[in-house]
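Asks: Look at Swiss-Prot and you will find HIS569 tagged as active site, tele-phosphohistidine intermediate, backed by sequence analysis. Summarising the annotation, Swiss-Prot assigns Zn(2+) binding site to HIS554, HIS569 and lists similarity to another entry as the type of evidence. If you look up Swiss-Prot, you'll see 1-371 marked as domain 'PTS EIIC type-1'. Annotation comment: Swiss-Prot describes 390-472 as domain 'PTS EIIB type-1', evidence class sequence analysis. The domain 'PTS EIIA type-1' annotation in Swiss-Prot covers 517-621. Look at Swiss-Prot and you will find MET1 tagged as N-formylmethionine, backed by experimental evidence. Per Swiss-Prot, phosphocysteine is recorded for CYS412. The phosphohistidine annotation in Swiss-Prot covers HIS569. Residues or ranges marked as site 'Important for phospho-donor activity' in Swiss-Prot: HIS554.
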Amino acid sequence: MNILGFFQRLGRALQLPIAVLPVAALLLRFGQPDLLNVAFIAQAGGAIFDNLALIFAIGVASSWSKDSAGAAALAGAVGYFVLTKAMVTINPEINMGVLAGIITGLVGGAAYNRWSDIKLPDFLSFFGGKRFVPIATGFFCLVLAAIFGYVWPPVQHAIHAGGEWIVSAGALGSGIFGFINRLLIPTGLHQVLNTIAWFQIGEFTNAAGTVFHGDINRFYAGDGTAGMFMSGFFPIMMFGLPGAALAMYFAAPKERRPMVGGMLLSVAVTAFLTGVTEPLEFLFMFLAPLLYLLHALLTGISLFVATLLGIHAGFSFSAGAIDYALMYNLPAASQNVWMLLVMGVIFFAIYFVVFSLVIRMFNLKTPGREDKEDEIVTEEANSNTEEGLTQLATNYIAAVGGTDNLKAIDACITRLRLTVADSARVNDTMCKRLGASGVVKLNKQTIQVIVGAKAESIGDAMKKVVARGPVAAASAEATPATAAPVAKPQAVPNAVSIAELVSPITGDVVALDQVPDEAFASKAVGDGVAVKPTDKIVVSPAAGTIVKIFNTNHAFCLETEKGAEIVVHMGIDTVALEGKGFKRLVEEGAQVSAGQPILEMDLDYLNANARSMISPVVCSNIDDFSGLIIKAQGHIVAGQTPLYEIKK
């Protein structure tokens, strides 16, 4: 494993112990005198912070092991006790903090991966296999204790001096941290930097004589000087990035805003409430790197200004509105936090103006502004089912070069972190067709595939697929073609009509280019028109044969007597509803007449749960004919109103 790959994997392993912090902070906060004033609740939260290094040892060991094993977690705990207790007998001043937990966790996880299947002689067989792992870890950590007892004091001094320099640098130090923090997001290494800043740098001793290290620990212990590595994130995550999302919405052409609006709104609300910004950042990180660089600079400026103004705020998870409300009046620690709201309004305006100007000035390809020839056709796949997820995982394995090229699989919140033999063999286009928003090739062996919130599920499914046997790489011929716009065929004068369709749906006509799905809107699926339904019955638009009804009953394909293939697709992304809201009234292979009922819908349910109920009705093989003539407009009635005419 190369150095970059190691630190990427370490960043993933750190997420498990960090995930317990919100619970600890909630308990500690609600137990305070100004809220519930219940000491045992506060102590419960404090206990987690007091034993954070041990929690890191357990969490890192489990995450580093090949199958998240409990034996590895136990080994991490054993190693931690051996290392910390043995080391101080050599030098009582040694205090490794969470770094001791991280190191022993790595030793425990590595020992498990190496020796969990070890076979010992019969008289020692009880101690073989997984039972051997804590024993081996304890031995190795004893050796480390003997080494670190002499080696660590100068390292500890260097870390302390570096931390003191950053703290003494004040606003400049926090600004540099904020800038580098955002720059490391694409590589995933920000978790390593955060761990040092939030759990190691700085020292605070409370009235009881307990020593706390790191910005988060010191903040929740009541250190009024803590927060320089946290405060400035609140204006960015709660206000700045939502301002960027609004700018990207208005920068998109008007006809495409409905397609990107829902997505931008959801990621902006997520950033505001929880401080989880990666889904929003990844929308422009790869499409417009210049914007991401400006975002990193603005983040650094925000941390710089917050420190300069004497603002001291903290969080347990991230800088969202939920954490802001919890820490707003935390005794002794929170100071001037109201100013973050003022900063937030200012940064909202800055992000909106800067993003708006830069996007238009440099014609950046933010969501909704992509060139038609760059848009990728995405297949409709239901990854909510086990079968669908397995197929998606198999496709991703093929896209990255097959099992021969794939060496290691890991995942975090939004990314598949993959180690490959040769990143040049990765099919970026196929990855994007499968739903990835970007592929990052960090070096020849390390890549990241940005797949969104289902990254961990997809990663787990990929591991299961690999365990079952080899998967071939996707062939060059299998590379999906980009969705070049399909020119609308023009009906030849005096051409013969081969099909006159009636509307299959009662509702209001919507032009095809207004459908909130690029595959339909670009006419890549076929030409036709769409309808926003107002009645529950879907009928056949012409006489012919039902050649296909999707198993989720949300769409069907009709072949007319003259060979026109008509696709009636009820709603957008309704496949994700797994058939709920739809009932088929005929079966595949049925001979039907125009106006015969095919599907019945629960419109109340569908309108509440579907992304959109705008329903395309297209001729998928329109290239076989001279064109079509749209006849419908306004409000139309199923089985009665002429929809369009196909000409030979």
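Cβ from N, Cα, C; glycine included.
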Asks: Taking the Cβ of each of the recorded positions and counting other Cβ atoms inside 10 Å, which one has the highest number: HIS554, HIS569?
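Replies: Most Cβ neighbours within 10 Å: HIS554.
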Asks: Please classify the secondary structure at HIS554 (Zn(2+) binding site) using three-state DSSP.
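Replies: Coil, per DSSP.
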Asks: Do you know offhand how many angstrom separate the residue listed as 'active site, tele-phosphohistidine intermediate' and HIS554 (Zn(2+) binding site) by C-alpha?
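Replies: Distance (Cα to Cα, whole Å): 6 Å.
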Asks: In the domain 'PTS EIIB type-1' (390-472), how many residues does DSSP assign to helix, to strand and to coil?
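Replies: For that range the per-state counts are 37 helix, 21 strand, 25 coil.
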Asks: Per DSSP, how many helix, strand and coil residues does the domain 'PTS EIIA type-1' (517-621) have?
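Replies: The counts are 15 helix, 44 strand, 46 coil.
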